[in-house]
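A.B. asks: Here's a structure for you.
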Amino acid sequence: MRIAVIVFPGSNCDVDLYEALGTVCGADVAYVSHHEHSLVGFDAVMLPGGFSYGDYLRAGAIARFTNIMPAIIKMAEEGKPVFGTCNGFQILTEAGLLPGALKRNDSQRFVCKAVPLEVVNNQTLFTSRYRPHERISLPIAHADGSFYADQKTLDRLEANHQVVFRYAEENPNGSLRNIAGITNQRGNVLGMMPHPERAVEAILGNTDGLRLFKSLLTNGSVKVGE
Amino acid sequence: MTNVRIFVTYKQSVFDPQGETIKDAIHTLGHDEVTAVKVGKFFDVTIDATGAAVDQSVKEIADQLLVNFNMETYHYQVLEEAE
């Protein structure tokens, strides 16, 4: 299974994702520039955190217009795993691959700390190695992480089990229904504000993110049906 | 040539944390008569067209780039139109 980590101007968690997958998990992973037009030969694609295009206009809004975006949308449509963390999540919503939007934190502050999360749905290809409703802890680091969608969309997300991670204690940003991560209806696109790639080595104090990548590596070559 | 100002704001139903914070600061100034503040942004756009063609350009730019309709809405004014 070959995995692409997309590098946008302003990405700053691309190395973390690459090392989490390559060095820690031993996966076959490669950086792909936003200038590229193709992801032929890749089985999964990762959109890293950071501040692509300086968060100009809205976080993630400009990255949507890069050369690589049609190839990412094509992979999503083919049912291949597409993952975005933090700015990657913002880009996935701006590109229409995930519903809703990420707006400014209610507190108006940049929040950077570990937060308790509930794994709401462990029946996805990204979360199969977590126990049902397991409590984990992952770092967050964002100013625009407040998940917003209209009531109808929120109800549909819950009914379809698309809410994968929820903030378990305090809500750090004002996200509606404490949503921290969602998939598309098909389940092959996951976006989340927390950073699992920053929690993969015991020496750094937390390995709760590791099983997300291990789940993907176990399940990733299985194409998700319509 | 037409100069257009496009205003983008959160929808009425969406909580605007910047507006709330600024309202609180205004109250600290003693202006308790201020009951609501909404923050938005505007874009001054010069378009090499006039009339209906301008409306069409603005609509397409707003729909595809300037506005995220999940949470935002927009309106615009024609500032000046020149030959």
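Glycine residues also receive a Cβ, built from the backbone N, Cα and C atoms like all the rest.
Since we're looking at a predicted model, the values are computed, not measured.
Sharing the feature lines straight out of TrEMBL:
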- A:CYS86: active site, nucleophile (ACT_SITE)
- A:HIS195: active site (ACT_SITE)
- A:GLU197: active site (ACT_SITE)
A.B. asks: In Å, rounded, how far does the Cα of A:GLU197 (active site) sit from the Cα of the residue listed as 'active site, nucleophile'?
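C.D. replies: The separation of the Cα atoms works out to 11 Å.
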A.B. asks: Can you grab the distance from the residue listed as 'active site, nucleophile' over to A:HIS195 (active site)? Cα atoms, rounded to a whole Å.
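C.D. replies: Roughly 7 Å, rounded to the nearest whole number.
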A.B. asks: So what sits near A:HIS195 (active site) in its own chain, CB-to-CB under 8 Å and at least six residues off in sequence?
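C.D. replies: Within the chain, A:HIS195 (active site) has Cβ neighbours under 8 Å at A:CYS13, A:ASP16, A:GLY49, A:THR85, A:CYS86, A:LEU138, A:PRO139, A:ILE140, A:ALA141, A:GLY209.
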A.B. asks: Mind giving me a neighbour count for A:GLU197 (active site)? Other Cβ atoms within 10 Å of its Cβ, every protein chain shown.
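C.D. replies: Its Cβ has 29 other Cβ atoms within 10 Å.
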A.B. asks: Sort A:GLU197 (active site) into helix, strand or coil using the DSSP assignment.
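C.D. replies: Once the DSSP labels are grouped into three classes, A:GLU197 (active site) ends up as helix.
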